[in-house]
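Asks: Below are the features listed in TrEMBL for this protein:
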type	residues	note
ACT_SITE	178	active site
ACT_SITE	239	active site
TRANSMEM	12-32	transmembrane segment
TRANSMEM	62-81	transmembrane segment
TRANSMEM	169-191	transmembrane segment
TRANSMEM	211-238	transmembrane segment
TRANSMEM	245-262	transmembrane segment
Ligand SMILES: CCCCCCCCCCCCCCCC(=O)SCCNC(=O)CCNC(=O)[C@H](O)C(C)(C)COP(=O)(O)O
Ligand SMILES: Nc1ncnc2c1ncn2[C@@H]1O[C@H](COP(=O)(O)O)[C@@H](OP(=O)(O)O)[C@H]1O
């Protein structure tokens, strides 16, 4: 399972542009009338469908659960890998395997591993929120500058606030918030799954992956697949091709900053990476 996860999490970044491309082809080949009829007929295609409500509009409430679960897993496995004596299962008096007691603990190194990685994940979380905040400021202002508005009459410049006011967000160039948001949060989890599976294999710690670890990885993967399903609907039934392309492109802002730029900031390297 770990090996498959390492492979698919490495390839995941290709899925979203392919969805935009396939969705564009379908939206060209299938008439707008047919797509609009299907959108109005099938519940799963409507904005109010339960998947969209729970896994898109409330994604900022569920995403931290998976992010910090993977963070804790990474910290735990890095902590174990830094111990001199890993807990090797040994047969005992028939009461199931017990573990060697840890020896040669190096408190300083143990603490440094935990504190450094905790700082790393705190920084990743803050950076994700900051970059998404700025991205949605950009998306919403482009919409307003291109003549868009909210039908609630409040004059809000936020699509989210407009929706909460039960208004209609119409009239402007509407870069896909679903693609921008769901690709960003998905790519962060894919990157964390990749880093974890690669570390477990590199440190030969596959035997530490118990049923609880596997359950965490499987549930996270299922949610990522649900977000891919939601984006198939977005890719086929919503937005213009350019709005989806730009939304998808903006979906890589967080992964690029967090996993390619941040690790290369020398000033922070000693504080965030071990
Ligand atoms: C190098 C060290 C860096 C550390 C960072 C230091 C600075 C930290 C500051 C962090 C705080 C930032 C303040 C902003 C906090 C937020 O606003 S977080 C929320 C960001 N916004 C989103 O996540 C928007 C999500 N969008 C939605 O949910 C949308 O409703 C939707 C689902 C995409 C649907 O879009 P519609 O257009 O409404 O259809
Ligand atoms: N997968 C999906 N399922 C249902 N509705 C979707 C969707 N993707 C986008 N939409 C809808 O398309 C509109 C623009 O979405 P976004 O800008 O976030 O990509 C939003 O509708 P509303 O305008 O009714 O809120 C959103 O709910």
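In case you wondered, yes, glycine gets a Cβ from its N, Cα and C as well.
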Asks: So, do the transmembrane segment (62-81) and the transmembrane segment (211-238) meet, by the test of 3 or more Cβ pairs under 8 Å (sequence gap 6 or more)?
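Replies: By the criterion, they touch.
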Asks: Considering only the recorded stretches 12-32, 169-191, 211-238, state which has the highest number of Cβ pairs under 8 Å to the transmembrane segment (245-262).
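Replies: It is 169-191, which has the most Cβ pairs under 8 Å.
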Asks: Which residues does residue 239 (active site) neighbour through Cβ under 8 Å, counting only same-chain ones at least six apart?
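Replies: Long-range Cβ contacts: 174, 176, 247.
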Asks: Under a criterion of Cβ-Cβ distance under 8 Å and sequence separation of at least 6, what residues of the same chain contact residue 178 (active site)?
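Replies: Sequence-distant Cβ neighbours: 56, 230, 231, 234, 238, 247.
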Asks: By Cβ distance under 8 Å, which residues at least 6 away from the ends of the transmembrane segment (169-191) in the same chain are close to it?
Replies: 9, 12-13, 16, 20, 56, 59, 63, 66-67, 70, 124, 128, 131-132, 135-136, 138-139, 142-151, 159, 162-163, 220, 223-224, 227-228, 230-231, 234-235, 238-239, 243-244, 246-248, 250-255, 258-259
